């Protein structure tokens, strides 16, 4: 019997470390084995892997070791296998290669069959097939001599494919079929061929089968499908100078273009699911058309569901927020303008223009630049490269809380901060000789001046970087602005760190004296030396790969190279150290003089502690610690407003607590004593 032969010949279990898995999708003809908290046909718990036969299911092995992989055969009407992975003591679907569609049998003819004037090169004679002998002759309508009368558009195989369920195993087979057709049959791609190709592709692009892609064994299958469609459609012959082939989930349009034509465009409005539609717009700028030496063709393909399919396939840990648009243009045309309607139109959701890197199989932020962005759509200017960038879309960026209140706080606070820092430096210069008579006060004010200077330069560079980005000036200028912005923000933190060390020195090392010259050398090495090393290394490591800048701003990259860590790690580490310094200061706060009552003792203690914390918080950069709150809860407007207030007004706080409330500074002005 079937199950006896299976038990004798098939290995049932292998152990392999595997990555994260998704929830199983139902498919016709499958046994619900080990899924979530369900039970199998025999009522076994979900943590037992079951092997199912026509006469029932049997226990195979308990799910105990995380990562254990259980391989099972498919039901009798399917061939192939499916695998479950042990995770959290539960068997969960990992891959599903069960299929009832045999690509080989579709093209297998009794003898040397021919199709469209040429034999299908990807079907070898005598190649094993899962279908019954002679099935291919049925599909092709071969005669007694084995000659095929299949139409030139291979539409004879379409009904068989469309009648098969779009389950993971069949999806994998159809992707393989389309890839082979695109490689072997791309000569003279007429309307009939493109229609058949689109119908087959549409079958597995349907919004109702997106979840099934998560269990396709080849995780690059969706990328392979995209490349195959692009290659095949790029050879499409145009009738009377234009073509339009429309399916529900794939649309192909083309027309002839020439130098004297005005800007050409493609418009797409397609079904995303049963309740929603999504649109896209491709424009070839007029200045690009001037580069054409002769009349050529332009092809564009729209995929409303392919972005979600790529997510389901684990190709990239990102969320595609619009349709995927592909273009096939002459080599002379290098830039196109694309408009994407957003799927998720929430106000606090950001967007990023990206191109699909066909060789590295990933979304690349360097392929496009954002021209405009609103709540419903995004306009992108993208580079067209036949070998790398042919397909484009928009990604849903991590939550960006754009709010008029935050913009207002930033603008006002930045202006006040710059004015306060300039005033702080002027006052320090005026009273310098009066407030630096002792070694410890000299060191304190030396740190304070460098903190103010670093923040002042950083604030000015922040404005410069914004101007450079908004004016769309050259790339190198943006790199330079980012480098110095990174350098001086780091310098701000390292001088705050130096001040923290100085406070510890004054509290804990009372009998250890350090000379002024040694302090200055050490302070400069920490305050400017360390930031310079970090900033230079960041550029050297990331810029050769064009991974220094982030897309859409003159600031450090995060998504591709994680260059932003070169700022975040030192800054947050220094905040943590300086927080410990404040704790030491609170513990070491001197007690009140003898004779004070208990109540006055507690009150004076609280006043001293509060004053010390208030003075040290802005000077040691502890306000930047509130940035962690915006990471933990990125949707909270309160956290964002608090963080913006504390940091935008940091220059004012340094002036107030570092200079104006200093007794020695006040003592330098007779009228303020």
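Including glycine, each Cβ sits where the backbone N, Cα and C put it.
In TrEMBL, the annotation transmembrane segment applies to 448-468, one of the ranges 364-384, 448-468. TrEMBL lists transmembrane segment at one of the ranges 565-587, 588-610, namely 565-587. When the ranges 320-343, 488-511 are checked against TrEMBL, the one recorded as transmembrane segment is 488-511. For the domain 'GAIN-B' (258-402), the DSSP-based tally of helix, strand and coil residues reads 14 helix, 71 strand, 60 coil. Using a Cβ-Cβ cut-off under 8 Å and counting only residues 6 or more beyond its ends in the same chain, the transmembrane segment (488-511) has close neighbours at 440, 443-444, 447-448, 450-451, 454-455, 457-458, 461, 523, 526-528, 530-531, 534-535, 567, 570-571, 574-575, 577-578, 581, 584-585, 588, 616, 619-621, 624.
Just going by CB pairs under 8 A, the stretch in 448-468, 565-587, 638-661 that sits most against the transmembrane segment (405-427) is 638-661. Residues 414, 417-418, 421-422, 424-425, 428, 477-478, 481-482, 484-485, 488-489, 491-492, 495-496, 498-499, 523, 527, 553-555, 619, 650-651, 654-655, 658-659 of the same chain sit 6 or more residues outside the transmembrane segment (448-468) yet have a Cβ under 8 Å from a Cβ within it.
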